[in-house]
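Annotated features in Swiss-Prot:
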- 200: active site, proton donor (ACT_SITE)
- 12, 14, 197, 278: Zn(2+) binding site (BINDING)
- 14, 16, 170, 279: substrate binding site (BINDING)
- 221: site 'Important for catalytic activity' (SITE)
């Protein structure tokens, strides 16, 4: 099912959406933070999906517990380290871990730039212990407004040498992309790549805006593109990558069922698309789960799954030499 001769990658993976349940438990007790459960076993339903949520916002409430325990920068570093470990242990050859320093900092008023430093340090420590390639993507969390995103951008750009790209995430309906055009001009000026959550809660116009105004060369989720034939044609022609996260889309009720997921529609239209976990800690999944689902529920053949794997390597924010090195390591 997974072709071991092709690098296995996960490009849409939130670091702050992958905090281990036992880590939440331990950090909560270490810092005297009131948790919603009195045992490790009963904590899981509060931080992981049971079935599916009613909306993206309901899904994000689970995420809130993952950052609620980030009481100091050591906690941030620990979570970053464990993200590298989890990526390696799930069999990934390469992962792009994205994170919102404002979101991670807000509960305990941590310094935003300090959070970025702690993430970088935690990832570096993880890479010493685990055999996996990792790059970082900074997130601007639109839900907190333009001013907060400016603070977030400043903290991230101070460490731009440790980032490959910037992302726009959060409440797509309440905070449309055009509010952040100036932010992403600065991102482009910093020579960072751009991806954006778009076409998930909002329609195809959100994707057009992300591509034409923000400068996105990849789109997170993008499920609503299928209702816009011109956009589908544009995506295919210009090799705009769709970072697809089928289980997450089910969990957030973005799609009603796997059968209704548009992954197949994208593939048939020749759109560059790959498989990703999104928030593996919240969804309680790994990349292998997504490939199993793609085969059993999305009805992809082994040949198509291999193409999806190759697509992921093509879409990755890597140089040609780095891409070749990933393939060479599989021989």
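Don't overthink the numbers, they just go from 1 along the chain as shown.
Cβ coordinates come from backbone N, Cα and C, glycine included.
Shown on the structure are the features that Swiss-Prot records.
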residue : record                                  : DSSP class
12      : Zn(2+) binding site                     : strand
170     : substrate binding site                  : coil
197     : Zn(2+) binding site                     : strand
221     : site 'Important for catalytic activity' : strand
278     : Zn(2+) binding site                     : strand
Environment of 14, 16, 170, 279, the listed substrate site - residues of the same chain whose CB lies within 8 A of the CB centroid: 15, 17, 60, 63, 98, 99, 100, 103, 139, 169, 278
Listed recorded positions 14, 200, 221, filtered to Cα within 10 Å of residue 279 (substrate binding site): 14
Under 8 Å by Cβ from residue 278 (Zn(2+) binding site), same chain, sequence gap 6 or more: 12, 13, 14, 17, 245, 247, 248
CB-centroid shell, 8 A cutoff, Zn(2+) site 12, 14, 197, 278, site residues removed: 13, 17, 98, 167, 169, 220, 221, 243, 245, 248, 276, 279
Rounded to the nearest Å - Cα separation of residue 200 (active site, proton donor) and residue 221 (site 'Important for catalytic activity'): 6
Same chain, 6+ residues apart, C-beta under 8 Å of the C-beta of residue 197 (Zn(2+) binding site), given in sequence order: 167, 168, 169, 170, 172, 219, 220, 221
Maximum Cα-Cα separation (Å), residues 14, 16, 170, 279 listed as binding substrate: 13
